[in-house]
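Colleague: Pasting a structure below so you can have a look.
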Amino acid sequence: MSKILAINAGSSSLKWRLIEMPTEKVIAKVAAERIGQAIGTIKVVGNGFKVVREMPVPSHHEAVQMLLKTLTEQKIINDFSEIGGVGHRVVAGGEIFHQSTLIDEHVLEQIESLAEYAPLHNPAEAEGIRAFMAALPGVPEVAVFDTSFHQTLSEVNYLYSIPYDYYQQYGARKYGAHGTSYRYVSQRAAELVQQPLQDLKMVVAHLGNGVSLDAIKDGQSYNTSMGFTPLAGVTMGTRAGDIDASLVAHLQEKLNLTTEQMIDVLNTKSGLLGLSGVSSDMRDLLAKEATNHRAKIAVEIFVDRIVQYIGAYVAQLNGLDTLVFTAGIGENESEIRLRICQSLGYLGVEIDEEINAKTRGVEQLISTPTSKVKVLVVPTDEELMIARDVVELGQIESQDLKVAHAQK
Ligand code: ADP
């Protein structure tokens with residue numbers, strides 16, 4: 001047995017899962033929040049225990065030290081040698097990383113060099129990686145990129161219709177996001193419908209705070225709705241999604257904003273929040289839509305943009321076998337799933353409304369036996385995918401794994 005840490009580092013937070021492999025059992029969820037602020041939080045939650053400490057957490061390095069110490073103090077692990085490997089979610093892998101990669105100094109420098117593609121994420125992730133390399137020397141560290149799943153897109157799908165030189169000189173193209181989620185969900189959906197993923201024309205709708213759609217063909221990402229950054233595509237919690245670039249320039253002038261301020265408006269004050277003026281959270285909007293026009297229109301636009309993208313992807317895939325819902329809204333909001341699917345009747349999509357209404361946060365086929373398209377809910381599990389990549393790339397306790405598989 002080996003214990004793997006799957007890490008998600010933000011600019012002021014570090015979140016991890018400690019996962020036992022090959023059983024894939026989650027042992028603990030661990031988080032440091034408000035790093036760099038006067039008072040931060042250290043949280044460790046597992047089966048039957050919860051430790052929450054308020055204290056200053058000055059940097060990612062200190063956060064890693066404090067969290068590791070809490071793991072041993074709470075006897076979740078006896079010593080660090082039990083940790084077989086560490087996997088890190090990295091937002092931007094550019095065109096450099098087509099798959100998850102074992103980290104050495106050169107790889108770390110490449111992750112840092114991609115900071116201009118994800119200024120809020122890659123530097124924080126690199127700092128998190130450095131902190132773990134210092135705290136756990138000799139333990140394999142693996143980078144798992146949000147973009148790598150989409151490196152299979154063809155030029156036709158990843159190029160923007162702007163001068164080609166800009167792609168060559170500045171990397172101006174679509175990179176997509178949510179790739180680790182799509183990799184997990186598409187594999188799991190194929191298992192659930194008992195067909196090889198390679199044979200399925202599939203659309204996965206990842207509906208969380210960040211929202212994107214992915215068209216999957218031949219087992220690979222064929223097209224995806226996020227773009228150069230996660231700002232493109234459909235309406236999201238606080239992000240605008242697709243918008244005419246001239247309108248952005250027009251508003252920037254009218255509002256007298258810098259480019260950075262304008263992009264911030266599109267990232268943090270738009271989407272469901274900007275439209276409704278009520279909330280970025282779908283639960284709040286569904287609760288208010290009957291009495292609040294702006295909440296109602298926000299939900300309608302949310303559903304409409306998703307329906308538009310699904311239609312575009314069905315055209316590109318030349319058909320659809322499987323439609324999958326995942327992430328906060330996709331897993332929990334049956335009403336949103338229903339409204340999307342009701343607009344897809346022309347494809348032969350038929351939902352079992354009773355089963356759909358009861359499905360929250362669990363794997364479930366929600367289409368009727370006669371539906372031409374199988375519609376599923378599959379809760380995403382990016383951390384598990386990260387842990388699997390660590391085991392594979394780090395060749396961790398391969399003997400133990402072989403024994404475990406032989407015994408199955
Ligand atoms: P993120 O993209 O930040 O990971 P989530 O996947 O947690 O976000 O999705 C958040 C969205 O999911 C919110 O709009 C929220 O209203 C919606 N949602 C609906 N039901 C739930 C639930 N039971 N738990 C979490 N989110 C939910």
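Backbone N, Cα and C atoms are what each Cβ position is placed from, and that goes for glycine too.
Residues annotated as Mg(2+) binding site in TrEMBL: ASN8, GLU382. Residues or ranges marked as ATP binding site by TrEMBL: LYS15, HIS206, LEU207, GLY208, ASN209, GLY210, ASP281, MET282, ARG283, GLY328, ILE329, GLY330, GLU331, ASN332. Taken from TrEMBL, the feature substrate binding site covers ARG89. The active site, proton donor/acceptor feature in TrEMBL is assigned to ASP146. Feature annotation from TrEMBL assigns site 'Transition state stabilizer' to HIS178, ARG239.
Tell me about the surroundings of these features in the structure.
Modeller: Reduced to three states, the DSSP call for GLU382 (Mg(2+) binding site) is helix. Residues within less than 8 Å, Cβ to Cβ, of GLU382 (Mg(2+) binding site) and separated from it by at least 6 positions along the same chain comprise ALA6, ASN8, ARG89, THR180, SER181, TYR184.
All protein chains considered, the CB of LEU207 (ATP binding site) has 27 other CB atoms within 10 Å.
DSSP assigns ARG89 (substrate binding site) to a strand segment in the three-state reduction.
In sequence order, ARG89, VAL90, VAL91, ALA92, GLY93, GLY176, ALA177, HIS178, GLY179, THR180 constitute the residues six or more apart from ASP146 (active site, proton donor/acceptor) in its chain with CB-CB distances below 8 Å.
Classification of HIS178 (site 'Transition state stabilizer') by DSSP places it in coil, neither helical nor stranded.
In the three-state DSSP assignment, the secondary structure recorded for ARG239 (site 'Transition state stabilizer') is coil. Here the Cβ of ARG239 (site 'Transition state stabilizer') has 26 other Cβ atoms within 10 Å, regardless of which shown protein chain they belong to.
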Colleague: Just checking, which of ASN8, ASN209 (binding-site residues) has the fewest C-beta atoms within 10 Å of its C-beta?
Modeller: ASN209
Colleague: Out of ARG89, ARG283, give me whichever of these binding-site residues has the highest number of other Cβ atoms within 10 Å.
Modeller: ARG89
Colleague: Just going by other Cβ atoms within 10 Å, which of the recorded positions LYS15, HIS178 has the emptiest spot?
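Modeller: So among LYS15, HIS178, the recorded positions given, the one with the fewest Cβ atoms within 10 Å is LYS15.
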Colleague: Can you grab the distance from LEU207 (ATP binding site) over to ARG239 (site 'Transition state stabilizer')? Cα atoms, rounded to a whole Å.
Modeller: 13
